[in-house]
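J.: Mind having a look at this structure? Questions to follow.
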C-alpha cells in the first residue's frame, strides 16, 4: 500500500513539474498565434493529411507579412527559405496537437522561432503623434498598407496619419 501511495505522489509531482515547464503563449507568441490562426483556417479534410497541410501552409505564407512572414521563412514555408522543418508543423497539426506543444517542438529544432516577438501596438487614440519618431510614423502607415508620397517632414507624416485615422481608428478600439 505504501509503494502504491508513493508511486501516486511521484506521478502527481511529475505532472505538475511537466506543466510548469510547458511553453506558454507569451514565451513564443508569434509561433502560437500563427499556428492557431493557420489551423483554424483549415478544413477538416486538410487537417487529417500532413501533405495537404504543408501545401496549405505554403499558400498561407504567401499572404503573410512582418513577424508571421519571418516565421514562415524559418519553417520553410516560403520559396526563398534556406531550411525546411515544415513537417515539424504539419504532422503534429494532423494529430490535432495544441499550438503550444507544436511551438515547443519547433523551438527545440530552431530556437530563433520563439525569439520572434510582436512589437507593442501604438494606441493612436491616446498617443501624441508629434512625440513619435518618423520611423514610428512610417511604421503606422506601413501597417495600414498605406504610403505617404511626397512626405519629407515629420509634419507631413502626421498629416497623412490624421487623414487616414478615421478609416483605421475603429480597429484600434
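Glycine is no exception: its Cβ is also placed from the backbone N, Cα and C atoms.
Per Swiss-Prot, the features are:
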SIGNAL    1-22  signal peptide
DISULFID  28-114  disulfide bond
DISULFID  31-103  disulfide bond
DISULFID  61-72  disulfide bond
DISULFID  148-151  disulfide bond
J.: Counting Cβ neighbours within 10 Å across all chains shown, tell me which of the disulfide-bonded residues 31, 114 comes out on top.
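T.: Within the set of disulfide-bonded residues, the most crowded position is 31.
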J.: Sequence order is fine: just name those disulfide-bonded residues in 28, 72, 114, 151 with a Cα within 10 angstroms of residue 103 (disulfide bond).
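T.: Neighbours among disulfide-bonded residues, in sequence order: 28, 114.
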J.: Cβ neighbours within 10 Å, counted over all protein chains: which one of the disulfide-bonded residues 61, 103, 148 has the most?
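T.: Selected residue: 103.
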J.: Drop a 10 Å sphere on every Cβ of the disulfide-bonded residues 28, 72, 151 and tell me which sphere holds the fewest other Cβ atoms.
T.: 151
J.: Spatial neighbours of residue 31 (disulfide bond) among the disulfide-bonded residues 61, 114, 148, 151, defined as Cα within 10 A: which are they?
T.: 114
J.: Measuring Cα to Cα, how far is residue 148 (disulfide bond) from residue 114 (disulfide bond) in Å?
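T.: Given the Cα positions, residue 148 (disulfide bond) is 33 Å from residue 114 (disulfide bond).
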J.: May I ask for the distance between residue 151 (disulfide bond) and residue 61 (disulfide bond), taken between their Cα atoms and rounded to an integer number of Å?
T.: 31
J.: Would you mind reading off the Cα separation of residue 114 (disulfide bond) from residue 61 (disulfide bond), to the nearest angstrom?
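T.: Cα of residue 114 (disulfide bond) to Cα of residue 61 (disulfide bond) measures 18 Å after rounding.
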J.: Rounded to an integer, what is the Cα-Cα distance in Å between residue 61 (disulfide bond) and residue 28 (disulfide bond)?
T.: 18
